[in-house]
Amino acid sequence: MLDIKRIRNNPDEAKEKLATRAVKPEEIDAVLELDEKRRELLQQTEQLKGQRNKVSDAISVAKRNKEDATAQITEMREVGAQIKALDVELAEVLDTYTDKMSRLPNFPHDTDPVGPDENYSREDRKVGDIRHFDFEPKAHWEIGEALGILDFKRAAKVSGARFVYYMGMGAKLERAVYNFMLDQHELEGYEEVIPPYMVNSDSMYGTGQFPKFKEDVFQIKDQDLTLIPTAEVPLTNYYRDEVLPAAQLPVYLTALTPSFRSEAGSAGRDTRGLIRMHQFNKVEMVKYVKPETSYDELEKMTHNAENILQQLKLPYHVITLATGDMSFTAAETHDIEVWIPHQETYREISSCSNCEDFQARRAQIRYRDEDGKVNLVHTLNGSGLAVGRTVAAILENYQNEDGSVTIPDVLVPYMRGVKKIEKK
RNA sequence: GGAGAGUUGGCAGAGUGGUAAUGCAACGGACUCGAAAUCCGUCGAACCGCCUUAUAAGCGGCGCGCAGGUUCAAUUCCUGUACUCUCCUCCA
């Protein structure tokens, strides 16, 4: 949620910034108009409530003195009716106002590249050497199925498209990857968490998935529970509606969880393999920080994600997303894309975002600074990393001509010494 | 799934139609070389509106889990609902 005072005091700035995120200026005008109406009604009803409070006191005194208060009571009956009518009107205005406000995306940071889509994103750095193959590299699903470690067919029978069974060494590899990631993040100061995998609507609202992105998630029938689309939701809502002592900041949390996504609207894209699933494992990093440090913290978090790829010796590049390509809550996002040989392209494996106070305002996550003043924290989240896509990248980048896959050195201890996955 | 109890400030905890007790903590001051103890004083944190260039102050609203209702007036009465706890039942 944006700060209405900032929009009110500087509507042109708001229109300009949000125009880069496909928000029409009329939408800002509509919000401002509703805000105006809201405050107008608020003043009217508050004035009447003040009057009612005063006269109610007088009635109370009169009753105590056994005097007649019929006149005032009659008068207040009328005032009460007016208040009720105004409050109904106010509630209606407030409803549309809040709904419109909660659908406006975050302001982009001034340094973000401006543009409507991914073609305008900025490549910040390229890291690692792309391997030259003496043979035609296979797609990871071919490799995985041939080795008997990925079973999409039976997953389709049991669950449907976009699900997978990891079998044997495949399951072991997945587990090695996320255990390695969690251990790394622990060394970097993150506290490991196992959160709930289902959350209520207040939480989904707090991190910005609701109300706008309801169709992207799986919900439990007849209950206010949603399967988390990312661990960002339970991790960031952990301190929802709380005021943290300044000394507690920054807070670093990390968690391995499955992520559940309906992938509505992505029919036909990445239909094969591990890239786009309804359920996938992801190690997530979340930070709660003081506003003045949040961009430094974003750089650190991005490096924490990069470190995993560097240790796995997987080539990648880091891009800063264009304003039009960023997710709803982000002010700045660094995507890390890993090299996928079969597709001869980089694919997203991590997304690290600074949401500034956008989520904190929705979720009311604040801290008490040294002067005793209460401020909104800044929240950050980033994948460190998407586990399934990491496995896909390992299978493809580490494949051998005979169909076997070499295990990256840092994972060998996590594989209990196994250095290569070969056909049984 | 069944029965019962509860939800009030940072914490503890009264209040059962008419200004939300009290204690602890916190903050300011006195005492002190300094601190502790003691004494005096302040204090419903946050939120919203008005005022203000802005902040503070000031004024007002709001505020007793949440949402409705009754009433001149609701922490208090009524309805619904969420959550917590206890017992029973079930269960990894």
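The backbone N, Cα and C atoms fix where each Cβ goes, glycine too.
Residues or ranges marked as L-serine binding site in TrEMBL: A:Thr230, A:Ala231, A:Glu232, A:Arg261, A:Glu284, A:Asn381, A:Ser383. Cβ neighbours within 10 Å of A:Thr230 (L-serine binding site), excluding its own Cβ and spanning all shown chains: 23.
Under the DSSP three-state reduction, A:Ile349 (ATP binding site) is assigned to strand. In sequence order, A:Leu309, A:Tyr316, A:Ile336, A:Glu337, A:Val338, A:Ser383, A:Leu385, A:Ala386, A:Arg389, A:Thr390, A:Ala393 constitute the residues six or more apart from A:Ile349 (ATP binding site) in its chain with CB-CB distances below 8 Å. Summarising the annotation, TrEMBL assigns ATP binding site to A:Arg261, A:Ser262, A:Glu263, A:Glu348, A:Ile349, A:Ser350, A:Ser351.
If you average pLDDT over the coiled coil (A:31-79) in this model, you get 87. According to TrEMBL, the coiled coil annotation covers A:31-79.
Residues or ranges marked as domain 'Aminoacyl-transfer RNA synthetases class-II family profile' in TrEMBL: A:172-408.
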Nonlocal neighbours by CB distance (under 8 Å) for A:Ser351 (ATP binding site), same chain, sequence gap 6 or more:
A:Ser327, A:Thr333, A:His334, A:Asp335, A:Ile336, A:Gly382, A:Ser383
Can you tell me which binding-site residues out of A:Thr230, A:Ala231, A:Arg261, A:Glu284 are within 10 A of A:Ser350 (ATP binding site) by Cα, answering none if there aren't any?
A:Glu284
Could you say which of the binding-site residues A:Ser262, A:Ser350 has its Cβ with the most other Cβ atoms inside 10 Å?
A:Ser350
A:Ser262 (ATP binding site) and A:Thr230 (L-serine binding site), compared by Cα position, are separated in whole Å by 12
Please find which two of A:Thr230, A:Ala231, A:Glu232, A:Arg261, A:Glu284, A:Asn381, A:Ser383 have the most distant C-alpha atoms, given that the record lists them as binding L-serine, and give only that distance in angstrom, rounded to a whole number.
18
Max pairwise CA distance, angstrom, over record-listed ATP binders A:Arg261, A:Ser262, A:Glu263, A:Glu348, A:Ile349, A:Ser350, A:Ser351:
19
Neighbour count, 10 Å Cβ-Cβ cut-off, for A:Ser383 (L-serine binding site): what number do you get?
28
